[in-house]
Each structure stands twice: as structure tokens, then as C-alpha cells.
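*Asks:* Can you keep this structure in mind? I'll have questions shortly.
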Amino acid sequence: MFSFEGDFKTRPKVSLGGASRKEEKASLLHRTQEERRKREEERRRLKNAIIIQSFIRGYRDRKQQYSIQRSAFDRCATLSQSGGAFPIANGPNLTLLVRQLLFFYKQNEDSKRLIWLYQNLIKHSSLFVKQLDGSERLTCLFQIKRLMSLCCRLLQNCNDDSLNVALPMRMLEVFSSENTYLPVLQDASYVVSVIEQILHYMIHNGYYRSLYLLINSKLPSSIEYSDLSRVPIAKILLENVLKPLHFTYNSCPEGARQQVFTAFTEEFLAAPFTDQIFHFIIPALADAQTVFPYEPFLNALLLIESRCSRKSGGAPWLFYFVLTVGENYLGALSEEGLLVYLRVLQTFLSQLPVSPASASCHDSASDSEEESEEADKPSSPEDGRLSVSYITEECLKKLDTKQQTNTLLNLVWRDSASEEVFTTMASVCHTLMVQHRMMVPKVRLLYSLAFNARFLRHLWFLISSMSTRMITGSMVPLLQVISRGSPMSFEDSSRIIPLFYLFSSLFSHSLISIHDNEFFGDPIEVVGQRQSSMMPFTLEELIMLSRCLRDACLGIIKLAYPETKPEVREEYITAFQSIGVTTSSEMQQCIQMEQKRWIQLFKVITNLVKMLKSRDTRRNFCPPNHWLSEQEDIKADKVTQLYVPASRHVWRFRRMGRIGPLQSTLDVGLESPPLSVSEERQLAVLTELPFVVPFEERVKIFQRLIYADKQEVQGDGPFLDGINVTIRRNYIYEDAYDKLSPENEPDLKKRIRVHLLNAHGLDEAGIDGGGIFREFLNELLKSGFNPNQGFFKTTNEGLLYPNPAAQMLVGDSFARHYYFLGRMLGKALYENMLVELPFAGFFLSKLLGTSADVDIHHLASLDPEVYKNLLFLKSYEDDVEELGLNFTVVNNDLGEAQVVELKFGGKDIPVTSANRIAYIHLVADYRLNRQIRQHCLAFRQGLANVVSLEWLRMFDQQEIQVLISGAQVPISLEDLKSFTNYSGGYSADHPVIKVFWRVVEGFTDEEKRKLLKFVTSCSRPPLLGFKELYPAFCIHNGGSDLERLPTASTCMNLLKLPEFYDETLLRSKLLYAIECAAGFELS
């Protein structure tokens, strides 16, 4: 309110209460919290002090009571020994002594007292056990259990020399025996219950751990099972090992049995084997007379494997035990028991570490070579324990025995075999091949399954029938999911990958031994008897199967290069957690392993597809365009953008031994941009499955890659560095071999200009603008590959292959000639020249393959007679030794017979029914590979010096022949007319030209080829039409002299045609000229 008393300023207020004591709110809260903290701290200190004081008082009182009871025990013991007022042969007195001892017992102080008590309990066991039948039965039972547990603890100190282990062992024997209880208690069921409780209490208190230590301490390391009767303690220890197993198996429910087997497994078997365990205990348990409960043990093992193998690394020891003991019990297993056995193999084989032996036998293309370097040495005992690597190798050997193989095969071949049997077997085989790198011919099981047509058919049926439920609720085959490249759940991939991998590996191996006649279902007659075929599929089935395999490969490529970065999906997290994987790093590792499985699957499927494609190439069984895929739309202009000039490397990536987003296959320079997903997929297809792309498109890709490389090396300008050589026409090969050698001209990609000298040593007219070089290269290749030159021979069909006797003709320099010829053929491909050189199919296959060797199926293209004889030998049913063969071959080179051994000491090794397959393959290998290995290697190196083999591997052997020599297709005159030039006054409308084309239209196809060869030196049209012919086909006015013949300059693809206006005359003159081959320098 306002004052209207006339005051114009505020008067100061005076407070008579002194200074203000108000606190800020924050300060007040802080002070309050601090006081509360101090009070809480004081209460905590007081409580702790009370606890400590209570503990100290309790400890002091207990120690005092221990001393009192210990003294009382000693007095009773003294009285009993002196025959005083405390007789020991009294049940209640024994109970009192036990109660006292259990109260104060300390092992370091009271061991002797315990031993004394054991001695009396054993002596008066019936009196003590009788307490189980009275009111103190629960107390007595508890005391027995505690005494047995003290036995176990005492025996764990068995290394103490002052300890007498005989009494504790006798105590275990007496109070775990039915014979101790039955005479006193009478009730058999109650006795069983008592012993069951005692044994389980012992088991939970380290019974088997005590036996493990006791065996290793008290038995000599040199002991073997045969020494059982000579070492009394060995027999007792073995009985103690078996007693809980036998008792629980015969008298206890499954839950109790499981506990005993768990302790036996974790404490006794999962630890590294000592010599005593390895040479005595395991052979003893494996003996059929021991009656080990093998089938219940297998059932229990499946439930406890995760604890006893993953965490402690006990898988090798357990697996060895299972295999060794199983040798005498497999025959007695029920069908359900065999299935459990198969599951055990599946479980422990996957946890078995990779042994150095299996790692070293794997080929160099393996993805995990580093594992073998870190593995242990085979067998070097450390502290008396066998090494893991030694046990691993022993496990793999035992798994490969005849008995094991027959057991597993019988399980699979039963009519009642379920899908689970096949899937579990596939998982076992998959682990053997992938993780342990075992090759099919080296493992009995794999080899036997590979040649069982019924198994392969059923395997493919299972693969085809596997399906998964989609989000929409519909069931979709897993093969279809793979073919689409759609992501698959962890569970589904775990189901199909082992089956698919096994099928592809086994079928691939069987195809190696199935010759073409058997593959195509031709009847085989040997000595009047028809042989059964090992082919599991008909040709019609193979067509569908090959299509599925092709699409699966393409789908896996899509999975390997996903459109988006893969994430850990929810079902993967659930699946990983079910097997104990929880951390993100563990999940990432599991994902990497999963993707590695897809990569490995891709390899084997691709190999099988290529083998089927190779069969179809040699002899068609698939319809036209069967191998082409509608999924892939790869165009030359897109792919060739990936060419990297600076690196001079084809695709910017190395050949796909591995694919996947985690293992990049790219080898891109720092300046190169990263490839898109589409580009990565295209490169993967062209590298691994090029035949799914049309041949014409691949030819375009090849030519555009050549053009890109040529632009870098040669350029468009005429003044860039090139190669200038002078060649004598009569010595074309000799001069070219000298002047175009690697030492003189290391880079044949450069433009070559040739100056020719005629037979008189005079210069031939003309400047080389490319035509003379092409003429020269054509003549050079004809000369070099002429069988008369000695470097190449011809098969019965007139096809070229390296002459094995070339070294005898030209000496040790023969490899240089093959290197030179390889470079020259590469130069022809590089310059897009067609040369009519018909090569043998096996030779082209050797050039294209990643390995220089080819298999027996190519022998038919080299020597059909030898191939036929080997097939006869393979199917021969009489005594093979009667044929008088040994492991040698005879060469008749240049009239000189030479005996060559196929293997060391081969002349002394007869060919028998057992080793004839090895003989057949060695003969084929010698003829196809060993004889000409150096020739082919040098030729391939020369070819790769000019044209990368990666480019050529886009084509099969037949396609490469077409690339070299052109296709056997009719000549299109319309195409030829469209790309023909005219000179010297001629034009398309000139009367002579019109007559010429009418005449040519009337030619047969053979006459048209002769005309083309007359003008261009090659009877086949260019692969992509006459627009690719360089220089272009040209008709030049040859003058008005009607007596002259048409002539040609093949170096310029030029036809010199006189002015023949009469159709009959032109026809006769032209036919005469092309038949007589009037050519170079005759115009």
C-alpha cells in the first residue's frame, strides 16, 4: 500500500535480533547427508565387530571342543586297546568313535586316527552296519557316507609316501559291497538303496578323481593289461573303477546312472591320458570279459558332452575311449544304440582338433593352412601324458578301421534307415573332409559310400526334399532358397550343407572312376558277361540334377556378395545361445565359420558341375543351351570396364579359391575404385562358372579385354615402340625362333613389323602395315606345328599334341621351343587371328586347367586303343595275373624300345585284381601327363606370356579350339557381302562383282571354305562375323586379261579378280585358282 504521510524516501529498518543464522538449502542437505553417513558407518563398524568377535569366540570354542573330543577319542581308543571299559567290538561304541572323529577331523592332524578307525570298522563291519537296522539308521548311514568321502580325500594324497593306501582302499571295497550289508540287514531292496546313496555320495566327493590319481601314482608306467594277474593292486583298482558303473547300471534308475557316468567321464576320461590309463585301464575296459556298460554309457555321454569336452578340452580323450572300447561292443549294440553311437561320433569328431598328419595331406589350396603349423608334434609325452595330436591321430586311425566302416555302412544300408541316420552320417563325413581334411580315397567310409549308387541317390533325394517354412506359412525347398540366393536360417543351413557337401564330394569322386561308356549307359560286354553300372543316375536325371547344381552355385555367389551388409539375425542369436555362444565376438566367429562352410560347399559343387560339363563337352547329353542361366545377364561392355591397365592383370582379382564378404577375392590397386556388388558377382561367375554366359558374349568379353590391353601396350599412334624383324621366307621358323626369343623380345604384345626376304635373299616388295605380319605369323605357326618339324604329333584323328620324343630330336633345349610356340599361338589370339591348327582335346584341357594334369577320361582323345584296353582290364573277371602285366610301359620312340617303370620297382610288381585300378590310372597318367609334362608346362608359360590364362579359362577345350581356328559353321554370304570392300574400279554394282556373287552363291559349302581360305588363309569365318575380319575382305580389279587366274594376297585379305563378265568362265577360273591355291606373289 502507498503512504500519503508526506515521506518521500524509505527509512532504513533496524533489527535488534542480531546477525541472521539462515542456512542455504544445499548446505543444509549436505550436512544432513554427512551426519547420516557417519551414523551408518558407525552402525556398520559395530555390526562387523560383533561378527568378528562372534567368529573368534566360535573358532575358540570349536577348537576347544575339537581338543576335548580328540582327547576323549584318544582315551576311548586307549581303553579299547588295553581291554578296558570301552570295548571296540560294540556297535554303539563304534558309532560314538565315528561321531567324535567326524566332528574334529583335520587331515593333517588326524590321518592316523582315521586309519586306526578304518582298521576297526573293517574288522567289526557287521557290528557297525547293524546300526542301519535300528533307530540310529540315518545317523549311521550319514557316518558311512562321510567316512567314504574321507577315504576319497585321503587317497587324493596318494603321492605321500608315509600314507598307507591299503586301508582306505579296503574301506572303500568293504562298505560299498552288498556282501557287507546283506547278512546283517536281510532286506535286499534296502541294501540296494543304502549302497546307491553311499556310492552317489562318494561320486560327488571326488571318487573317480581319487582313483585317477591313485592309478597314476601306484601303478608303474610300463604296466599293460596283460600284467593284471601279476600286479594285485591293479586288479583292485580296476574293480573299484567298474563297481559304481556296474551297480548303477544293474540296480539304479536312469537319473542315478547318469550321475555316475558323468563323474566317470569328467573326472576319469576327460583328463589327458597317462601311460597307466592308456595302456592298462582302457584296454581292460575294452575287454569283453569286463562287461563295460557301453550302450548306457553312450546314452549318458550325449547329455554330458558339452561340459566334459568344450570347457576342459577333453574331446580327444573321450573320443579315443569311445572308439577303443567300442571295438568289442559295436556288434552287440541295438539299432537305437547304433544311432546313439553315430550321434556320439558326430558330436566328438567336430570337437577333435586338426592333427598335423591330416593338415599336411591337404592340398595347397586349403583355406586353413596355418592350423597345421601350430599343431602339436605327433607323440611326445609331457609329464607322462600323451599329446593331444597323438590321440587325435589314433582316433582318426581307429575310425578308419574295417570294423568301424562296416558298422556304419550297415547302419546306412538298412532298409529301416531313417532320415536322421543319413543326416548324421553326412555330418560325420562332412567333418572328416572339411575339418580334418581327409580325402575320399584315403578313408574307407568315404570311399565305400562314393561307389554306392543307392546311397548317392538317397542322399540327393533328401537334399531335394528338404524344405523350410516361409513367413507366409508355405513350405519352400531349401534348394530353391539357395538358388535364389536368399539368406537361410542357421538351423536350415546346418541341415543341408553337410548333405550337399557330402553328395557333391562323393559323386565327384565316383565320376573319376566311371568311364564315358558307363556314364552314358552304353552296354559293356566283357568276356560274354554284361557288367553292372556304378552310375547312380540316368541321363535324364542328370540333366535335372546338373541344372539344380548350376543354380545352387549361382545362388551361393549371391549369398557371398550380398546387396547389403549381413547382420546377425534373431534366429542366429537364438541358435548360438543354444550352443553356449553369448558374446558378440563369439557370435562373429561363428558367423565367419558359417560363411566358410558356404565357401567350402561352393567349391565342391562347382567342381561337380565342371565335371558334368566336361562330360557334356566330350559327348553331349544335355539339350542345347542347357548350361546357360537366365539369372545371369553379363554383357561385355560392363565387364571390360573392370580392366586395370596399370596392373596388366585380367580381372583385378585372383582366381576364386575362396569367395565371401569376409575373405575378399579382390586384388585391386590403391588407385582402383572398389567394385560394386554386381561387378563382384559377374567376376565370380566368369571365373568359376563361365559356361552359364553365352559363348558369343564371352568371345566379346575376351576380345574387348584384349583390345583394352592392346591400347595400353600399342596405343593408336604409329610411332610407339614396336618390334622390327627381318625374316627369310625359306627359314621362317628358324629366324623367328632366334629373333623373337624372350631374350631378344621379352614383350610380344608390342606391334611387330616384318620385313621378308625371298628365296634369293632379296627384299620382297611392300611395307608391313599389318598384313605382312599376319601372313608371316600364319606361315610360322603352320611350320612350327607341322609334325614334320618334330615338336608335335597327331592322334589317329589328326589332332595335334606335344611329341614326347622332342627331347631326343633337339636336345635339352626342347622346352624353349615349346615356350616359343606357346608365345606365337598367344600372339595369334592376341591379334585376333584364326589359324587352322586342330589340337587334341586333352592338350587344350591341360593348357586351361589350374593343374597341368588331366584324368584318364581324356586318354580316348590321345590313344583310343590303349583306352579301350584299359577299360577291358578294369572289367576283366578272370585272373588278371594270367595277362602277364607289370607296372611298366614300353616306349617306341624313333625305333628305340625303352621300358619305363610306372612306380619304383614296377618291373617286379605284377598287375593283380587288387592293384589293377592303380595300374590303369598310372598308365593313363604316364601317357597323358608324365611323358609330356615339361612340354606342356613350357607351352603354357609361353602362352600366358602373351594372353593371360585367366581370360582363356572362360572357355572349355572345344571353345578354345573355336577361338583358335574358328567355328565349323556355314559361311554367310550376306554377312560377307556387307563387309566386303572393292578397289581398282570395282564397286558393289559393277557387272563383274554381280557375276562373282552369283557364282559364289552356287558354290557348295566346301567350295566356299576353299575360297575363304584362298583369300584369308583360313577356311572358317571370324567368330563374330566378317565385321571382325582385319584387314577387311577386299576384291581388287585384276585387269582385262582373260587368260589370267584370280590371285590373292592373304596378308591383306585381298582377292585380285580379272574382269570376267561371263559367269561360266569366272566360275571355272575361280574354282581352278582356289583348287590350285594360287596365292602369294602370283598376281
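Numbering starts at 1 and runs along the chain as displayed.
Backbone N, Cα and C atoms are what each Cβ position is placed from, and that goes for glycine too.
Quantities reported herein were computed from a predicted structural model and do not represent experimental measurements.
Reproduced below are the annotations present in Swiss-Prot:
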ACT_SITE  CYS1051  active site, glycyl thioester intermediate
COMPBIAS  1-10  compositional bias 'Basic and acidic residues'
COMPBIAS  20-40  compositional bias 'Basic and acidic residues'
COMPBIAS  375-385  compositional bias 'Basic and acidic residues'
CROSSLNK  LYS903  ubiquitin cross-link
DOMAIN    45-74  domain 'IQ'
DOMAIN    744-1083  domain 'HECT'
REGION    1-60  region 'Cis-determinant of acceptor ubiquitin-binding'
REGION    1-40  region 'Disordered'
REGION    355-385  region 'Disordered'
*Asks:* About how far apart, in whole Å, are the alpha carbons (Cα) of CYS1051 (active site, glycyl thioester intermediate) and LYS903 (ubiquitin cross-link)?
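*Replies:* If we compare the Cα positions of CYS1051 (active site, glycyl thioester intermediate) and LYS903 (ubiquitin cross-link), the gap is 52 Å.
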*Asks:* With DSSP, how much of the domain 'IQ' (45-74) is helix, how much strand and how much coil, in residues?
*Replies:* 30 helix, 0 strand, 0 coil
*Asks:* When you measure from the Cβ of LYS903 (ubiquitin cross-link), how many other Cβ atoms are you left with inside 10 Å?
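*Replies:* A count of 13.
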*Asks:* Over the span of the region 'Cis-determinant of acceptor ubiquitin-binding' (1-60), how high is the average pLDDT in this prediction?
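*Replies:* Over the region 'Cis-determinant of acceptor ubiquitin-binding' (1-60), the predicted model scores a mean pLDDT of 77.
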*Asks:* Which of the three DSSP-derived classes (helix, strand, coil) applies to the residue listed as 'ubiquitin cross-link'?
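*Replies:* DSSP assigns the residue listed as 'ubiquitin cross-link' to coil.
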*Asks:* Tell me the Cβ neighbour count for the residue listed as 'active site, glycyl thioester intermediate', meaning other Cβ atoms within 10 Å of its Cβ, over all protein chains shown.
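*Replies:* I count 26 other Cβ atoms within 10 Å of it.
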